[in-house]
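Structure first, commentary second.
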Amino acid sequence: MSWLFGIKGPKGEGTGPPLPLPPAQPGAEGGGDRGAGDRPSPKDKWSNFDPTGLERAAKAARELEHSRHAKEALSLAQMQEQTLQLEQQSKLKEYEAAVEQLKSEQIRVQAEERRKTLTEETRQHQARAQYQDKLARQRYEDQLKQQQLLNEENLRKQEESVQKQEAIRRATVEREMELRHKNEMLRVEAEARARAKADRENADIIREQIRLKAAEHRQTILESIRTAGTLLGEGFRAFVTDWDKVTATVAGLTLLAVGVYSAKNATSVAGRYIEARLGKPSLVRETSRISVLEALRHPIQVSRRLVSRPQDALEGVILSPSLEARVRDIAIATRNTKKNKSLYRNVLMYGPPGTGKTLFAKKLALHSGMDYAIMTGGDVAPMGREGVTAMHKVFDWASTSRRGLLLFVDEADAFLRKRATEKISEDLRATLNAFLHRTGQHSSKFMLVLASNQPEQFDWAINDRIDEMVCFALPQREERERLVRMYFDKYVLKPATEGKQRLKVAQFDYGKKCSEVAQLTEGMSGREIAQLAVAWQAMAYSSEDGVLTEAMMDARVQDAVQQHQQKMQWLKVERPDSQTNKPPHPSLLSC
């Protein structure tokens, strides 16, 4: 059984290290220090020992020694021993690796500490350098300040020195001027005294010289008067005695007077003739009649106007069907009147503003092949006393037209008011009488067309001179839609398709949009619809990309509707009937 514990074995076996000794008992050392009562007796130590286990172990060892598997058991024990040794060696290697890792960690920590130390030293050096630089800068700034203070002190001293020198120089100059003034005063005083003394001594001689000069001057004037009188008397005597010279002189003066007055009157007559034939009266604002000056300024336009053919009277004019038929009859009758050289009829066109009265008057003149002239009633009152003469000039000028003239008086109620009830000036009353005098009979030279928003204010004599009354009412739904389409095409679509202007139109249903606009613009006139189309064009031009969108059109329509409502509110406030809650006069809104 000795081989089991590795004591007696063959060579080469059991070469492992001896088993470690069991640790000493805590009470083994220093046991003498304890008391006698603490040390157990040998009898007590082995009294509870059970030898059964040792017996079983000895028995197992004997069986194993006599067993045939003893070698395998020994090999197994050796392998276990080798395994334990390998485990001990691996633990030793791990311990060595841990030691090496600890050393490397120490080296890393030392390197990190060294790096931190170097960084701190570098920072300290930088801080020290910055502090030294700061001190150097402060020293330099202090030097600059000291130098600046020194320079300022030197400059102040120099200025004080200059001021002192200037004060000394000024005092010197003043003293010099004072002395010079004193010397000058003394010299003048001496000269005055000397001159006074000389005058006193030469007083008799001076008086004699003055007396001689006055006598000589008097003698010269008397001789000049005698000579001039003698010459004039002899000349007049010679002229009177010669009757041929007298007759020639009288005839010459007479002819000169006759020539001056004749030239003056002839010039006045020629001027009035030229003004009546070639010029344009001051009351006429616009006319299609061609003048010599206009022909010289615009020959191409004048030639085109001369060769132009009569146009349709309702081209570009949108009216209701009944009104369109009536005005077309008036246009046809006017054209036939011109062809037959008959008498023209006077027409009154009344209705709200912006319904096409002026436009139809122009188209009527072009359709009939006549010239047109437009005058405003508001221009008559400011002329005062010249109004009568200006009114006669207008009718004289209209009577000289070879093609016939359509005289359109816009805002005629401004000066054709009732003479009995209205308070008008004497000059305006005289102008009205002149107008009534010139329109008392029908004429084959001109046709009178009056336009008014308040026809009830006309004088009764004016109503008596009117042959045809036409009411231009506000456009209805169909007329508004036609107007919207026409102006949308004129101011939006045509500029966008021509490509010459910065205007584009977004993609949407134009016809549907025009119908919606016509529905929203109820109560608006044709002029307001045209202004709305112009506002669309302006909004497209003012946008960033130059594109007119449907939203932009809707916004402008809403603004136009609000403005129209505000105008109607103002109209109700301005009308006298608003105090009694009565509606405005029908001529201001519709027919």
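Residue positions begin at 1 at the first shown residue.
Just so you know, glycine gets a Cβ as well, placed from its N, Cα and C.
Between the listed residues Lys494, Lys582, Swiss-Prot assigns N6-acetyllysine to Lys494, with no corresponding entry for the rest in that record.
Taking Lys59, Lys264, Lys490 one by one, Swiss-Prot attaches N6-acetyllysine to Lys490. Among the candidates Lys182, Lys197, Lys512, the residue that Swiss-Prot annotates as N6-acetyllysine is Lys512. Of all ranges given (273-288, 289-304, 305-320, 321-336), Swiss-Prot attaches the label region 'S100B-binding' to 289-304. Between the alpha carbons (Cα) of Lys494 (N6-acetyllysine) and Pro352 (ATP binding site) lies a span of roughly 30 Å. For the pair formed by Gly354 (ATP binding site) and Lys512 (N6-acetyllysine), distance between Cα atoms is given as 25 Å, rounded to the nearest Å.
A Cβ within 8 Å of the Cβ centre of Gly351, Pro352, Pro353, Gly354, Thr355, Gly356, Lys357, Thr358, the residues given for ATP, is found for these other residues of the same chain: Ala451, Asn453, Phe472, Ser525, Gly526, Arg527. Lys490 (N6-acetyllysine) sits 20 Å from Thr358 (ATP binding site), taking the CA atoms of both as reference points. Within its own chain, Thr355 (ATP binding site) has Phe472, Ala473, Leu474, Pro475, Ser525, Gly526, Arg527 as residues 6 or more apart in sequence whose C-beta sits under 8 angstroms from its own. In this structure the alpha carbons, written CA, of Gly351 (ATP binding site) and Lys512 (N6-acetyllysine) are 30 Å apart.
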